[in-house]
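Trainee: Here it is: the structure, laid out below.
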């Protein structure tokens, strides 16, 4: 049956929204108050509230758990556009992407896992190797005291800046690709999970029994906490980041499998496949079809006109 309810509750408290950064008080992390205008990158974003299609099914690996999955998000055409149109979460720092803030560690195990991979970085692959290895790459958040990756010169210390010979972007992500690993093996939990959001909630059923609802959905602005509404730009609701050839449940198979287990992901993938087939039949075409029966993501490309 796996962990006891008590153990699950403790773990829930530790990793519900792992590493959620608080943007409050971070210089430049927020835009001036007021509604976005035409010159504001947020003006392209869709709203946060729109119809979504959710599905629930028991976790085949744990009878005390039920997965609740957002099919609208998981079958959307979102893809990461870092370096290819990403506006960044802080004004004037598009090259940082979402790496402007330090990544909070979910727990001690998360930090230790990352440390084992940091040990293999070199000055040729990590721009700030000398700083990180001499004065440290971990710091405590000024507000909550939680441990996180250190911010250095305006962004995460592992973020290689443009022009670095070893390559721009996360040094830990690039390490994984060089070693033919999945980036989820080398990066902090919060980094590889974005923009998937996993939350946990104990629910009492009509018969008095309790079940743990594990929700898998979109990490939208709300996922960042109160400061999320003031991020300079956020990709999950931006049409410019919704042009992928594969839906999220396919492109993020490794991450979803890690979050749900192989059996859980297998059921989810089958349901997503069925949803996509239904959409294709309804639209008469296999590519970029809207999902008229089950609430499409508003940032996805529209159905091509017939003709």
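Glycine residues also receive a Cβ, built from the backbone N, Cα and C atoms like all the rest.
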Trainee: Among 1-47, 48-94, where does TrEMBL put the label region 'Disordered'?
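Mentor: In TrEMBL, the region 'Disordered' feature sits at 1-47.
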Trainee: Which stretch does TrEMBL mark as region 'Disordered', out of 248-277, 278-307?
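Mentor: It is 278-307 that TrEMBL describes as region 'Disordered'.
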